[in-house]
Amino acid sequence: MTVKVTVTGAAGQIGYALLFRVASGQLLGADTPVKLSLLEIPQAVKAAEGTAMELDDCAFPLLRGIEISDDPAKAFDGANVALLVGARPRTKGMERGDLLEANGGIFGPQGRAINDNAADDIRVLVVGNPANTNALIARSAAPDVPAERFTAMTRLDHNRALSQLAGKLSVPVTEISKMTIWGNHSATQYPDLFHTEVGGKVAAELVEEEWLRDTFIPTVAKRGAAIIEARGASSAASAANAAIDHVHDWVNGTPEGDWTSAAVPSDGSYGVPEGLISSFPVVSRNGRWEIVQGLEIDAFSRERIDASVGELVEERDAVKALGLI
Ligand code: NAD
Ligand code: LMR
């Protein structure tokens with residue numbers, strides 16, 4: 001069956017790094033034909049048309065069509081996977097409330113369009129920032145879609161954490177398993193090494209406490225800002241790569257004996273208020289994310305998880321006050 005993948009913000013920099021990989025089969029697997037639906041704002045439709053011409057010119061064997069629209073109802077019609085990348089960036093003089101409100105104006109209508117038009121098996125990944133709260137807004141606007149189908153991306157943070165640890169221990173990333181990012185995709189996120197394993201040993205016991213606290217955690221949590229500082233633009237190819245990883249694992253399952261990180265609606269696990277879209281250790285089984293249960297959380301981790309979850313509660317309360325959820 002051909003899978004319809006809708007990508008919003010298709011003419012942006014992540015879109016450009018993402019679409020060719022989706023069309024080549026890396027999102028869903030080498031046996032799954034895909035149809036792409038590109039959603040853009042009217043001013044960027046022409047640029048999306050240019051990207052579509054390039055996609056055509058690759059003659060990808062799995063690509064069965066490209067549609068371009070500035071109408072969410074059309075773009076999400078029959079969609080099986082929705083990658084919500086387009087978002088309103090924070091500009092000079094904008095307060096946090098303004099940012100949340102501007103994004104509410106995007107993710108509310110898109111959630112409604114998904115609710116009314118997407119296929120029954122729709123899976124949504126929100127990449128556009130503030131990703132967790134944008135996902136919450138979209139989910140609230142889609143009451144007929146099971147809540148678990150709305151997720152936000154922390155896989156980039158997860159991959160960053162794997163690479164930082166691999167570099168520190170001079171091991172390939174393939175030696176590392178059970179990495180976890182908790183909380184919000186923001187500088188408050190908590191990359192947890194107390195359950196991570198490296199060659200069967202607990203990662204936190206293989207590194208100095210000072211490195212873990214003062215180097216590892218801030219490097220991972222502030223990596224997005226470091227890339228903006230260095231590139232003059234936010235991460236694009238690595239963000240697209242993480243989106244591919246997230247959806248690939250959601251659809252095809254996570255490897256036995258390992259888990260990954262994704263922001264999924266909380267069921268109350270680990271004291272995270274029910275309904276918040278927060279990052280957890282997750283496995284994917286039979287096409288569904290499941291939160292890994294039973295991990296012991298010590299005081300060091302508890303404090304950091306609570307801080308990031310506290311920020312998500314504040315964002316949720318702010319969008320509630322604005323009438324966006
Ligand atoms: P970009 O500015 O290059 O592209 C964004 C695109 O979205 C633009 O083409 C714009 O026209 C489009 N857009 C805006 N509003 C839209 C709407 N209502 N419908 C459809 N399209 C719309 O930005 P980018 O570098 O591609 O980044 C996109 C988002 O991803 C940003 O919010 C960025 O902060 C976020 N991001 C998230 C992560 C993560 O790990 N979760 C990582 C990197 C970037
Ligand atoms: C990232 O983590 O690279 C981005 O979310 C940073 C940003 O603010 O766009």
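In case you wondered, yes, glycine gets a Cβ from its N, Cα and C as well.
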In TrEMBL, the residues Arg90, Asn129, Arg160 are said to bind substrate. Which of Arg96, Arg123 is said to bind at that same site? Arg96
Can you tell which of Asn80, Asn103 TrEMBL lists as binding NAD(+) with Gly9, Ala10, Ala11, Gly12, Gln13, Ile14, Gly15, Gln110, Val127, Gly128, Asn129? Asn103
Test of understanding: give the count of other CB atoms lying within 10 angstroms of the CB of Gln13 (NAD(+) binding site). 17
Nearest to Gln110 (NAD(+) binding site) by Cα, among Arg90, Arg96, Asn129, Arg160, His185 (recorded positions)? Asn129
For a quick check of packing: other C-beta atoms within 10 Å of the C-beta of His185 (active site, proton acceptor), how many? 30
Could you tell me which three-state DSSP class Arg96 (substrate binding site) falls into? helix
How many neighbouring Cβ atoms, not counting its own, are there within 10 Å of the Cβ of Arg96 (substrate binding site)? 12
